[in-house]
């Protein structure tokens, strides 16, 4: 009994063994189980609390989440250590969740299962170190990098061409002078010195997934002695209308040059692509430090260009590779725009290709979009439109207002916003609005109705003027009979055309004084004046009374 109690106490101190006296079963459960995945290598680690117990083994099973059939985990059956490698398990899909369980075994006794939380292998996987092969030149080191994992890796099968590699390089004599560069699987590290030992290490990255691998082992290599034929330097490419001009520097004369280019996407694919470099037209065996080749020989994309020199002593190494982006070198000419007033509140803007761009293939290689800027001529507030179409309508404008437009062409979906300069500014005035038309109609109608009124007023005015300044020349009948003599009658008629009434005061028989009193009223009005005016009545009376008085006074004068 004491022995049994002591044994039981010992197991409790050990922590995991439970040995019931009735059943005799042993229960030993693993602890702190961890999964480590590096590339296509799967490892399972755990801790055991029964190190003092001998003959304990461990076994693990797995299954795809959602399935009911547990399978034995190959490589992890009856393991005596606390680590196993189950890389040999052929997983069809590394993106599916997997469940693991592990237990301890001692003879016929087994512990309960320790179940690992389900996991996705791809998400748990770490990027391992890449394999690196080095080759030396006098001023460069050629790198050949194999992606992490095996050639038939299922973990990185979809990402092999997406890896980017970071290289840390330093002189072996001084680790303080480190420099870091980002390289492709097949690449060069330039700007080195001849006959120097350089060491480097490389790690792989998946930048879109923000995943960084671990560094490779350190590799060291010696650069060669200075080559007899130096390589060309300072490679430049310029665009000039329909041609490209490739230039470089070279210190010696009497050399010929050869230029090649490679499509950039080959750089991302692991492997040797030396056979993919192609000769640039018109750039083979040239004796000058430049060559010219037409635009049409290149299609859309990014290229790498390299040049080497040859003379009687041999051929140089290839120059430093220069990236050549067709999009960046493409010349896009500004468009031609026309503006037309459609209505009183809108303008129609048409954008067309210039004559220069019609002769080039840029519109066929790159789909263009147009940026149109529109503003009122007296204002700095601009409206911007960015569309692929070439016809624009700007509504809600002011009538009889000048608006200005300019436009430029851009390469669609270009991250660098490559485009042309702006076109010439074109201005146009909108048509009159409905208010102006209304006023025009009202003014026309008013003018039509005013013309008869004006004509009537003018005619009345002319009649008044004629009546005042140009009266009738015929004298009253009361005076006319006393001036029967033709000379005197003509004299009176020629002096004035006003109607006058003539009165005579006879002082003596031989003298007659004529008094004229101007009267602008007609014969009917003279009668009215004789009845209403006391003052004028002494001179203006009816014809008969005047005649009788005169005839009465003449005898009186005679008698005197």
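Just so you know, glycine gets a Cβ as well, placed from its N, Cα and C.
Looking at 439-462, 463-486, 487-510, 511-534, the stretch flagged in TrEMBL as transmembrane segment turns out to be 439-462. Closest in space to residue 427 (disulfide bond), of the recorded positions given as 76, 199, 283, 291, 464, is 291, taking the CA atom of each residue. Cα of residue 404 (disulfide bond) to Cα of residue 291 (disulfide bond): a span of 44 Å. With respect to their backbone Cα atoms, residue 464 (S-palmitoyl cysteine) and residue 291 (disulfide bond) stand 100 Å from each other.
Around the Cβ of residue 220 (disulfide bond), a 10 Å sphere holds 11 further Cβ atoms from the protein chains shown. Counting only same-chain residues at least 6 apart in sequence, those with a Cβ under 8 Å from the Cβ of residue 76 (disulfide bond) are 44, 58, 59, 60, 84, 85, 86, 102.
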